[in-house]
């Protein structure tokens, strides 16, 4: 019934298996891939004809993790998987980025890739095997995919690169880098590092590229057995060269003139006018509108790229290494815990840091198990930032991806929870955008956290690099504009400190990027990063000495483990009362660590005093303040140490005979008592008569001194 094709190899110490022909046979391409005990199914399906009127490639990648893969039942009311998690969105982007440039020119059929995690061994992150399976599924599908690609994860520990480290090894590694590409070159890099030098980062990229070559060979071997006939791509219904020649004669000079305008809005208006002129004239001459739109993009790209290669001058008049003017401000929002406004040319980010307690941590339910995240960074890109009116809603894939990149860039500099027990949320509102808004977020995040009093050892900055390559000639561009990103060959984002790189993200549209070009780009990025850091330092070069006055003050105390239940109380009664009475937030951990947080210092002091009173043991001979809580014929019960009560016997009320307890004290009276000792049941025996009720002086010691 099944015609199964299978290929396998040992890779990075584990067996990689690719199989097709048994599952999802109605998809154009389907590959069942396993690595260790992690199993994914990747499918690729394409529409049989292109979408009419579409001038772009409609590709969708959906990566999904099934709870059953880790032997779990989903939480929530419905007990089934819901909207994509952040991990699923990020992995979908990770798969999409290296495959998108490899589809044939002119291919416009709607294409969907679905990757499903079916088994997770809790050792290998499924993202690498998902990328490999996707590459294999596309390669055998007949879809015009000019792959295959390979992918690998690279760690770095004790001066050695590690291929496909386990989840446990990644935690201990100085580097977590994912690289993907073809036999010829690297197409995509995503990484987080602990301030590593540029040569180590480049070495990791090239190490990964070498190590995934056998995977590409394995996919080719599978395709030789199982690949379907390639899909035919219809030839354009027009003569592209003729249309391009006519358009260049008609508006070529207008487009060149438009690209001399340094203000983005003016430039876009001029380009729009040139495009409209071409459309009206050439459609009237009989050219199809879609032909005009498609060729206009090529003409625009040729003019921009040729100008940079020939003159070394860019759209806004800068040289290839110049950084746009930078203005940094901190403390721009009076009630925020930390805030910064970072402006670089026409890109601007308003970044705000907020400090919270353990109760504000994000609870993440992942396949690997539930964990708590104490650092969050959220990136928002409203339509007004590019002068447009658009939809507002939940964050899209791009916003989630940009936020995660900035999160990776800053996280290696964060203090430990032991030294800074706060939950940190950073929000970046992009208020203007013309390229490199994610790197503006990195700069603004660093400034806002230092403004909030987060003790970062050094500021962090980021820069976006670009590349234009024509034949053997190339130009590496520092601090790219939006147009240079869209029309260039590379988007290369580097973030770090003066010591080294903390995050690196690379997307390359061509396969001929050499190691030498990447080396030049990294060196140029370092120079740019150092310049940006020097500009940021003019606003704030080190963290504030204390957290902002509007932020909660967290005080950490330790109590004996056997006293935790006393502080919490039956059903949480005691801790609720402390919180309600003092206004402080209280977190108690299993090891007896207690974190008390309050904006008002007095509230924090009151809560700490209360807790210490509960856990403190009364000492014989010590004098305490207390309150009469119960009257009996034989004496009065006094609450004197947190929730602890003791008995003042009627004979210990006064230095004279007392007929009735109520003659001396009444319920609710504030009194001063001395601990005499404990009875045989452990109950505390107290005395009032040996304490001066006005001054709190120990009268028994006074008598001894006088005697």
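The backbone N, Cα and C atoms fix where each Cβ goes, and this holds for glycine too.
Quick look at what Swiss-Prot lists:
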BINDING   485, 491  Mg(2+) binding site
DOMAIN    552-615  domain 'KH'
DOMAIN    621-689  domain 'S1 motif'
For the binding-site residues 485, 491, which one has its C-beta crowded by the most other C-beta atoms within 10 angstroms? 491
In DSSP terms, the domain 'KH' (552-615) comprises 36 helix, 16 strand, 12 coil
If you run through the domain 'S1 motif' (621-689) with DSSP, how many residues end up as helix, strand and coil? 6 helix, 36 strand, 27 coil
Restricting attention to the domain 'S1 motif' (621-689), give the mean pLDDT. 87
Residue 485 (Mg(2+) binding site) falls, by three-state DSSP, under helix
